[in-house]
Each structure stands twice: as structure tokens, then as C-alpha cells.
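Chemist: Quick one: this structure, given as C-alpha cells, is what I'll be asking you about.
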Amino acid sequence: MHDIRVIRDNPAAFDAGLRRRGLEPLAAELVALDDARKAAISAAQVAQERRNALSKEIGAAKKARDEERARALMAEVARLKEQAPGLDAAADAAARALDARLAAIPNTPGPEVPEGRDEHDNVELRRFEGRGRAESGRQHFELGEAAGLMDFEAAARLSGSRFVVLKGRLARLERALGQFMLDLHTAEHGYTEVAPPLLVRDEAMFGTAQLPKFRDDQFAAQPGAVEPGAPGRWLIPTAEVPLTNLVRESILSEDELPLRFTALTPCFRAEAGAAGRDTRGMLRQHQFTKVELVSITAPEQSAEEHERMLACAEAVLRRLDLPYRVMTLCTGDMGFASQKTYDIEVWLPGQGTYREISSCSVCGDFQARRMEARFRRREDRGLGYVHSLNGSGVAVGRALIAVMENYQNPDGSVTVPSALAPYMGGVTRIEGPHA
């Protein structure tokens, strides 16, 4: 969320950031809402101060035995007391109106982010060829279904569209990928493993900016044994939500920073805007597994931490020897909370194109303000907001797709990458419905 004081101090810079996002200027509207908030608060405070002053005058009038004046003053106090709830409510409403407007505005892009309208304007940063790019091949669902290890029909009977049942060695391969990623990030990259809740409250979803704007993309979990309208919880769309909210409403010491968390979790997304896209296969599902990386830093650390996080995510694909490219997202393709984002896109021979497998974003203090996550500086004891970063390290289902398509053999089998050998119990090829 944005700081209204910063907007007031430099409205032109704020509006310029919004224009780079393709949005209309909003600084004047926000300043007007803030003026209304200040006026409402001032009116309530003036009335309270007047009541306090009149109360003292009542005491003086009674002491002077001026009963007529005392009665008049008491009547005025009663009138002000009657008005107080309305004035307080007006002040609260004005503050909520400003907060609601601020909460609906995306983060402004950093100055180095390339301008553009959509994914076609993203800028390639680098490539890794890995085992080489096969220009064609069978798609993952063709390989999985032919082997009897990937069952979309059974999943549809259980849960509807955009689900899959994995079996046998293919299920083991997916598990191996997740464990491999988690071990890499904890043992070599310095992340602390966390096993977070998969259900979170509104406040957590607001903190990372899934709410209120992206409510329709989420799965709400409403207990059946409570009264209608009672607060429920949300299935996490990404472990970014619980991991980032670990520092919610806290004051950290600068010496604690940076904090680095990782988790391997199921993720749940309604994919409300994905109708007609990637309808076959595992690329876009309501439930998928992902390893998430989250860093909490001091402001001056976040740019360097962003590059470090990207390198950690890239290391997964390099160990798996998968061809990929890194893209800097343009202003029109960035996520709502992002200040700058890198996407890693892995090569899929079956589609003959690159597809996103990781997204690494620095959010500045945008999420921290929503969460009230602060830190105390060591030199002057002053408080400041932390910076937050998040990234996929990486999406396990998409990594499975990439391994299947890039390691496929002419007979339809899939060779297990050497990096996964310690997790596969001697299995070197995926072929047919083995146990």
C-alpha cells in the first residue's frame, strides 16, 4: 500500500509511476480524500476540546454560584456529547475511504523497469541452453497418458476440470522434484524451511495484496458448521502469503535481516480469468505444488537480494540441465504488488515455446505497509518498513512438465535427470505403470 505522505510530498512522481503502469493520475483524488480525512478528524478533535473546555467552565460557574450559566454550559456539553458519535463515525469513514482507495492501487514500477503494454514488451535478460533445445517432441500429457501414469479423466470425476491424478513413478518424480528444490534452497542457499498453514485469514491475504482486488481468483474455505456470514478462511494461492505474513505486525531488529524462508506447499487458484487457456495438460491447474522463496530485508538490501533470489531459482533449472531464459517484465505485465519482476521461462519442446516456471519480484515496502511489518535501525533506533521479496523456486508441476518434455526418449519413456537420482531409489527411467 502506498504512503499518502509520500504522495502529498511528490504527487507528480506518483502519477508518473501510475502512467507507466498505463493508469490514470490519482494523486489529486488521494490528496482530496486525505484532506477530507484530516478535516473529519479535526472536527471530532475540536468538538472534544470544546467539551473539555466547557467542563472546566461549568466547574468555575458552579464555584461562583452562577447556576444559570452552569445550566447553559451543561446544555452545550450535552449537545456536543450527542454529536460526538457522529463526528467519530465520520472520521472513521473518511479514513476507511482513503485506505480502501490506496489498497486498490498497484505498486509503482522501479525506474529501471522497461515500459510496455503486455508480455510482448518484456525484455530478455539471458539464456541457458542446458542439454540443448529440442525443437519438437510429444507434449507432457501425451507422454503421461500413454504411459498410464497421468489420468485427467479420473481427476475430472473427482474434482472437475483443471486437476490431474499422477501415479506410480511419475508421482514419485514429482515428489522428488519438490524435495530436490527444498534441499537445494535450505542446504546451499541459506533459506529456512517452513511448514505453514494452507488456510489463512482475510488479513493475511490483504497483507500480500491478494485481497481485495483478486478475490475472484481465490478459493474461499467456509466451515459448514458455522452460521451463514461468519468469517471463513482462504486456501493459499501461493506460500508467499503465509511466509511473508510471518513478519506481520512485528518490529524486527536490523541485525535479524535479511530473513529468508522457503516452503513446499500445495497452491490453490480459481483461475477465473483463464477460460480457454491451457485447457489440456498440467500447465494451468486449480491445485498445484510449488516451492516458494520469500525474503524480508532492509530497504538498502532489497535490490541485491532480488538478484540473489533469481540466481537461487535459476540454480534449480541449471542443476536439472533444462534450457531456459530470464525475462525482465515490462510495466504492463508486472504483478499488482511488484516493483520489479523477473520471470524464468523454461523451454517446452512439445509446445515449441518457452513457458513461465518462476517469477521473482521485489515489492519494496508495499506489502510491509499493508502488514505493518517494521524494523528498528541499529544506528539511530528509528523505525522503518521492511522490504519484501518473493519468488517461485520453482513451480513443481511445471518442472515435471519440463523434465518430461526435455528428457523424453523416442519410445515415449522419460530419462530421470541425474540431479534427481538420490530421490528416485534407483529409478532411472519413467515408463509404463510401474509401482
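For all residues, glycine too, the Cβ spot is worked out from N, Cα and C.
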Chemist: Based on Swiss-Prot, name the residue from Ser136, Ser159, Ser392 that is recorded for the same L-serine site as Thr238, Ala239, Glu240, Glu292.
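Modeler: Within the candidate list, Swiss-Prot flags Ser392.
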Chemist: Note down the number of other Cβ atoms within 10 Å of the Cβ of Ser392 (L-serine binding site), including every protein chain shown.
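Modeler: 28, counting other Cβ atoms within 10 Å of Ser392 (L-serine binding site).
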Chemist: Let's check the environment of Glu271 (ATP binding site): how many other CB atoms sit within 10 Å of its CB?
Modeler: 14
Chemist: Other Cβ atoms within 10 Å is the metric here; tell me which of the binding-site residues Thr238, Ser358, Ser359 scores highest.
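Modeler: The residue with the most neighbouring Cβ atoms within 10 Å is Ser358.
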Chemist: An 8 Å radius from the center of the Thr238, Ala239, Glu240, Glu292, Ser392 Cβ atoms defines the neighbourhood of the L-serine site; name the other residues of that chain inside it, in order.
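Modeler: Not counting the recorded site residues, we get Val241, Leu243, Ala263, Thr265, Cys267, Lys290, Val291, Leu293, Val294, Asn390, Gly391.
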